[in-house]
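Chemist: If you scroll down you'll find the structure; I have some questions about it.
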(Lines of atoms letter the chains of each structure in order from A and count residues from 1; the text may use other names and numbers.)
(Lines give C-alpha, C1' and ligand atoms only; values in the text may rest on other atoms or scores of the structure.)
Protein backbone atom coordinates (compact mmCIF):
# COMPACT_ATOMS: atom_id res chain seq x y z
CA UNK A 1 0.00 0.00 0.00
CA UNK A 2 2.85 2.37 0.77
CA UNK A 3 4.36 1.73 -2.66
CA UNK A 4 1.03 2.41 -4.35
CA UNK A 5 0.61 5.64 -2.39
CA UNK A 6 4.12 6.67 -3.45
CA UNK A 7 3.23 6.05 -7.08
CA UNK A 8 -0.01 8.02 -6.85
CA UNK A 9 1.83 10.94 -5.24
CA UNK A 10 4.58 10.85 -7.85
CA UNK A 11 2.13 10.71 -10.75
CA UNK A 12 0.06 13.56 -9.26
CA UNK A 13 3.12 15.79 -8.90
CA UNK A 14 4.26 14.94 -12.43
CA UNK A 15 0.84 15.73 -13.90
CA UNK A 16 0.81 19.10 -12.12
CA UNK A 17 4.29 19.77 -13.48
CA UNK A 18 3.20 18.82 -17.00
CA UNK A 19 0.25 21.21 -16.79
CA UNK A 20 2.69 23.86 -15.57
CA UNK A 21 4.79 23.34 -18.70
CA UNK A 22 1.76 23.98 -20.90
CA UNK A 23 0.87 27.08 -18.90
CA UNK A 24 4.41 28.44 -19.01
CA UNK A 25 4.62 27.77 -22.75
CA UNK A 26 1.29 29.45 -23.51
CA UNK A 27 1.56 32.56 -21.32
CA UNK A 28 3.13 35.54 -23.14
CA UNK A 29 5.04 36.61 -20.02
CA UNK A 30 8.58 35.38 -20.46
CA UNK A 31 9.94 38.91 -20.57
CA UNK A 32 8.20 41.95 -19.14
CA UNK A 33 9.17 45.50 -20.01
CA UNK A 34 7.64 48.53 -18.30
CA UNK A 35 7.55 51.92 -20.02
CA UNK A 36 6.64 54.90 -17.88
CA UNK A 37 6.27 58.15 -19.78
CA UNK A 38 6.02 61.69 -18.49
CA UNK A 39 2.25 61.28 -18.38
CA UNK A 40 0.92 58.42 -16.26
CA UNK A 41 -1.85 57.92 -18.82
CA UNK A 42 0.73 56.79 -21.38
CA UNK A 43 2.15 54.14 -19.09
CA UNK A 44 2.18 50.71 -20.67
CA UNK A 45 3.68 47.30 -20.06
CA UNK A 46 5.01 45.03 -22.78
CA UNK A 47 4.89 41.25 -22.44
CA UNK A 48 7.00 38.95 -24.58
CA UNK A 49 6.21 35.26 -24.88
CA UNK A 50 7.17 32.34 -27.06
CA UNK A 51 4.29 32.77 -29.50
CA UNK A 52 3.15 36.38 -29.19
CA UNK A 53 3.81 39.72 -27.56
CA UNK A 54 1.23 41.83 -25.76
CA UNK A 55 0.99 45.47 -24.76
CA UNK A 56 -1.08 46.35 -21.70
CA UNK A 57 -2.16 49.97 -21.33
CA UNK A 58 -2.66 51.67 -17.98
CA UNK A 59 -6.39 51.64 -18.71
CA UNK A 60 -6.34 47.83 -18.70
CA UNK A 61 -6.68 47.45 -22.45
CA UNK A 62 -4.47 44.70 -23.85
CA UNK A 63 -3.42 44.10 -27.44
CA UNK A 64 -1.62 40.92 -28.47
CA UNK A 65 0.04 40.05 -31.76
CA UNK A 66 1.47 36.76 -32.97
CA UNK A 67 5.05 36.83 -34.17
CA UNK A 68 5.23 37.23 -37.93
CA UNK A 69 8.30 35.03 -38.18
CA UNK A 70 10.17 32.69 -35.90
CA UNK A 71 13.36 34.50 -36.86
CA UNK A 72 11.98 37.62 -35.19
CA UNK A 73 12.48 35.95 -31.81
CA UNK A 74 15.74 36.26 -29.87
CA UNK A 75 17.98 33.22 -29.92
CA UNK A 76 17.12 32.13 -26.39
CA UNK A 77 13.37 32.28 -27.04
CA UNK A 78 13.78 30.32 -30.28
CA UNK A 79 15.52 27.55 -28.38
CA UNK A 80 12.97 27.83 -25.57
CA UNK A 81 10.08 27.32 -27.99
CA UNK A 82 11.58 24.10 -29.33
CA UNK A 83 12.58 22.73 -25.93
CA UNK A 84 9.21 23.53 -24.36
CA UNK A 85 7.33 21.68 -27.10
CA UNK A 86 9.67 18.69 -26.75
CA UNK A 87 9.20 18.80 -22.98
CA UNK A 88 5.41 18.66 -23.36
CA UNK A 89 5.68 15.64 -25.67
CA UNK A 90 8.13 13.87 -23.35
CA UNK A 91 5.89 14.58 -20.35
CA UNK A 92 2.90 13.11 -22.19
CA UNK A 93 4.94 9.98 -22.91
CA UNK A 94 5.83 9.73 -19.23
CA UNK A 95 2.16 9.93 -18.23
CA UNK A 96 1.28 7.18 -20.70
CA UNK A 97 3.99 4.94 -19.25
CA UNK A 98 2.87 5.71 -15.70
CA UNK A 99 -0.66 4.59 -16.56
CA UNK A 100 0.60 1.33 -18.07
CA UNK A 101 2.92 0.59 -15.14
CA UNK A 102 0.65 1.75 -12.33
CA UNK A 103 -0.17 -0.71 -9.56
CA UNK A 104 -3.83 0.31 -9.69
CA UNK A 105 -4.18 -0.50 -13.42
CA UNK A 106 -4.59 -3.83 -15.17
CA UNK A 107 -2.76 -3.04 -18.40
CA UNK A 108 -0.12 -5.64 -17.53
CA UNK A 109 -0.16 -8.63 -15.20
CA UNK A 110 3.53 -9.05 -14.37
CA UNK A 111 4.32 -6.88 -11.34
CA UNK A 112 8.05 -6.87 -12.08
CA UNK A 113 7.51 -5.55 -15.60
CA UNK A 114 5.05 -2.95 -14.33
CA UNK A 115 7.59 -1.73 -11.77
CA UNK A 116 10.26 -1.40 -14.45
CA UNK A 117 7.85 0.55 -16.66
CA UNK A 118 7.09 2.86 -13.74
CA UNK A 119 10.81 3.47 -13.17
CA UNK A 120 11.12 4.29 -16.88
CA UNK A 121 8.22 6.74 -16.54
CA UNK A 122 10.00 8.42 -13.64
CA UNK A 123 13.17 8.77 -15.71
CA UNK A 124 11.14 10.27 -18.57
CA UNK A 125 9.61 12.82 -16.20
CA UNK A 126 13.08 13.77 -14.99
CA UNK A 127 14.18 14.29 -18.61
CA UNK A 128 11.14 16.52 -19.18
CA UNK A 129 12.12 18.47 -16.06
CA UNK A 130 15.59 19.12 -17.45
CA UNK A 131 14.17 20.10 -20.84
CA UNK A 132 12.15 22.90 -19.26
CA UNK A 133 14.82 23.94 -16.76
CA UNK A 134 17.32 24.77 -19.51
CA UNK A 135 15.28 27.35 -21.51
CA UNK A 136 13.77 28.96 -18.41
CA UNK A 137 17.15 29.41 -16.71
CA UNK A 138 18.80 30.54 -19.96
CA UNK A 139 16.16 33.21 -20.53
CA UNK A 140 16.37 34.38 -16.90
CA UNK A 141 20.16 34.64 -17.21
CA UNK A 142 19.89 36.81 -20.33
CA UNK A 143 17.27 39.05 -18.73
CA UNK A 144 19.39 39.62 -15.63
CA UNK A 145 22.53 40.19 -17.72
CA UNK A 146 20.85 42.81 -19.91
CA UNK A 147 19.20 44.46 -16.91
CA UNK A 148 22.57 45.22 -15.30
CA UNK A 149 24.30 46.03 -18.58
CA UNK A 150 24.92 49.80 -18.73
CA UNK A 151 25.14 49.62 -22.53
CA UNK A 152 21.45 48.64 -22.77
CA UNK A 153 19.03 51.57 -22.82
CA UNK A 154 16.69 51.79 -19.85
CA UNK A 155 13.69 51.60 -22.16
CA UNK A 156 14.88 48.25 -23.53
CA UNK A 157 15.66 46.57 -20.22
CA UNK A 158 13.39 43.70 -19.31
CA UNK A 159 12.34 41.88 -16.19
CA UNK A 160 11.54 38.23 -15.62
CA UNK A 161 7.91 37.40 -16.31
CA UNK A 162 5.55 35.02 -14.56
CA UNK A 163 6.12 32.30 -17.15
CA UNK A 164 9.67 31.80 -15.89
CA UNK A 165 8.52 31.23 -12.32
CA UNK A 166 5.80 28.86 -13.51
CA UNK A 167 8.43 27.00 -15.52
CA UNK A 168 10.72 26.62 -12.52
CA UNK A 169 7.84 25.33 -10.41
CA UNK A 170 6.83 22.88 -13.15
CA UNK A 171 10.40 21.63 -13.44
CA UNK A 172 10.59 21.06 -9.69
CA UNK A 173 7.30 19.16 -9.63
CA UNK A 174 8.38 16.93 -12.52
CA UNK A 175 11.74 16.29 -10.90
CA UNK A 176 10.16 15.40 -7.56
CA UNK A 177 7.44 13.27 -9.14
CA UNK A 178 9.91 11.44 -11.35
CA UNK A 179 12.18 10.78 -8.39
CA UNK A 180 9.32 9.26 -6.40
CA UNK A 181 8.40 7.00 -9.31
CA UNK A 182 12.00 5.85 -9.66
CA UNK A 183 11.83 4.67 -6.05
CA UNK A 184 9.39 1.96 -7.13
CA UNK A 185 11.90 -0.89 -7.21
CA UNK A 186 10.96 -4.17 -8.89
CA UNK A 187 9.50 -6.62 -6.37
CA UNK A 188 11.50 -9.64 -5.40
CA UNK A 189 10.57 -12.86 -7.09
CA UNK A 190 8.48 -15.16 -4.93
CA UNK A 191 9.73 -18.25 -6.71
CA UNK A 192 11.96 -20.37 -4.49
CA UNK A 193 15.33 -21.25 -5.95
CA UNK A 194 15.55 -24.74 -7.37
CA UNK A 195 17.43 -27.14 -5.16
CA UNK A 196 18.44 -30.59 -6.33
CA UNK A 197 17.56 -33.45 -4.04
CA UNK A 198 19.86 -36.38 -3.82
CA UNK A 199 18.90 -39.79 -2.48
CA UNK A 200 21.25 -42.51 -1.40
CA UNK A 201 21.58 -45.47 -3.75
CA UNK A 202 19.86 -48.61 -2.57
CA UNK A 203 21.99 -51.65 -2.12
CA UNK A 204 21.09 -54.69 -4.19
CA UNK A 205 20.90 -58.02 -2.33
CA UNK A 206 23.68 -60.43 -3.24
CA UNK A 207 21.15 -63.14 -4.07
CA UNK A 208 20.20 -61.26 -7.21
CA UNK A 209 23.60 -61.91 -8.72
CA UNK A 210 24.26 -65.21 -10.50
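For all residues, glycine too, the Cβ spot is worked out from N, Cα and C.
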Chemist: Quick check on residue 183 and residue 44: does Swiss-Prot annotate them with the same topological domain, i.e. the same side of the membrane?
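Modeler: Each on a different face of the membrane, per the record.
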Chemist: In Swiss-Prot, which of 61-81, 82-102 is tagged transmembrane segment?
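Modeler: It is 82-102 that Swiss-Prot annotates as transmembrane segment.
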Chemist: With DSSP helix as H/G/I and strand as E/B, how many residues of the topological domain 'Extracellular' (29-81) fall in helix, strand and coil?
Modeler: 13 helix, 21 strand, 19 coil
Chemist: Starting from the Cβ of residue 64 (disulfide bond), draw a 10 Å sphere and report how many other Cβ atoms land inside it.
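Modeler: Residue 64 (disulfide bond): 13 neighbouring Cβ atoms within 10 Å.
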Chemist: Residues with Cβ closer than 8 Å to the Cβ of residue 54 (disulfide bond), same chain and 6+ apart in sequence?
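Modeler: Listed in sequence order, they are 28, 46, 47, 62, 63, 64, 65.
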Chemist: With Cβ-Cβ distances below 8 Å as the criterion, list the same-chain residues six or more beyond the ends of the transmembrane segment (161-181) that contact it, or say none.
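Modeler: Same-chain residues near the transmembrane segment (161-181) but 6 or more away: 6-7, 9-21, 23-25, 27-32, 47-49, 91, 94, 98, 118-119, 121-126, 128-130, 132-133, 135-137, 139-140.
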Chemist: Go ahead and report the DSSP secondary structure tallies for the topological domain 'Extracellular' (138-160): helix first, then strand, then coil.
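Modeler: Secondary-structure breakdown of the topological domain 'Extracellular' (138-160): 13 helix, 2 strand, 8 coil.
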